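For reference, the structure is listed below as structure tokens.
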Amino acid sequence: MVSRSFLFLHVLIMFSLAVIAFSDLSDDFYEDVCPEALPTIKRVVEDAVRKERRMGASLLRLHFHDCFVNGCDASVLLDQTATIDSEKTARANNNSARGFEVIDKIKSEVDKACGRPVVSCADILAVAARDSVVALHGPTWEVKLGRRDSTTASRTTANNDIPSPFMDLPALINNFKNQGLDEEDLVALSGGHTLGFAQCFTFRDRIYNETNNIDSTFASQRQANCPRSGGDSNLASLDPTAALFDSKYFSNLVSKKGLLHSDQALFSGGETDNLVKTYSTNLGTFSKDFAESMIKMGNIKPLTGSQGQIRVNCRKVN
């Protein structure tokens, strides 16, 4: 009886701590300490996207790749040192992840507006992702704030946990499930590929070796800029309107024109087919679900309270 009571108390305490940690994220976290924080982030993001529309997709991707590696803690921003195993050289990020200089600019401007470093790099990533989507005519959402920054990074975890463009549907479902995300989140968040580009090496095998689930004309068009060998970094847009948040990504999947194997896997006779069809004809539903899934992803294992730190420089620990 005593052991049962103790176990119940232990579970209750752990649940309470989890609730407290989650409740540390709030919509108005900076309202009193720095009301200019969010407008400043928005201004810098809009300037960056105005100069280069592709940057919106890059900033969205940084937040995604951050959250999938030990939670949304800005570990993706840390440079390599003797003690930091930088995620920037992980397979999914090496010579691919970009936008770091925009994050640096935001951090500098926000700290200037606030008078001191009170806004975490992790929160900057989360807000910049939202503001990038809005700048490219996508939906908005309330970003929960109050994340703190990690003091570590893990290239190994990044290699293991960031989903690969070569994954099939069961692997994708399992990958997202490991992050507490379900199949609807998988499809909605994959819709982030309505923005941006991919490098040739990520889709070469699909356009040359896949035959069952790819439009032959589409494959030929992509082969023109992605040879069988060489040209690994040549870019192709992930959907026909790479700088506009719309539902054409899903229309492409229905037409067997998904650029990445992992894209087309969402519409390949599996359990996600119906949702892809729904999104392909209903931008409003996709936008709503995307926003909800972004909030959910942004809440993956945040550091709060006295955990972590507020970095002075997003590229290195204090």
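A Cβ is built for glycine as well, from the same backbone N, Cα and C atoms used for every other residue.
Just so you know, TrEMBL annotations are computer predictions that nobody has curated.
Note that the structure is predicted; figures quoted are calculated from it, not measured.
The disulfide entry in TrEMBL for Cys114 points, among Cys34, Cys67, Cys72, Cys200, to Cys34. Using a 10 Å Cα-Cα cut-off around Cys72 (disulfide bond), the recorded positions Arg61, His65, Asp239, Cys314 reduce to His65. Taking CA atoms as the reference points, Asp246 (Ca(2+) 2 binding site) and Cys314 (disulfide bond) are 32 Å apart. Annotation for Cys226 (disulfide bond): same-chain Cβ neighbours under 8 Å, separated by at least 6 residues, are Cys200, Phe203, Arg204, Ile207, Asn234, Ala236. When the recorded positions Arg61, His65, His193 are scored by other C-beta atoms within 10 Å, His193 scores highest.
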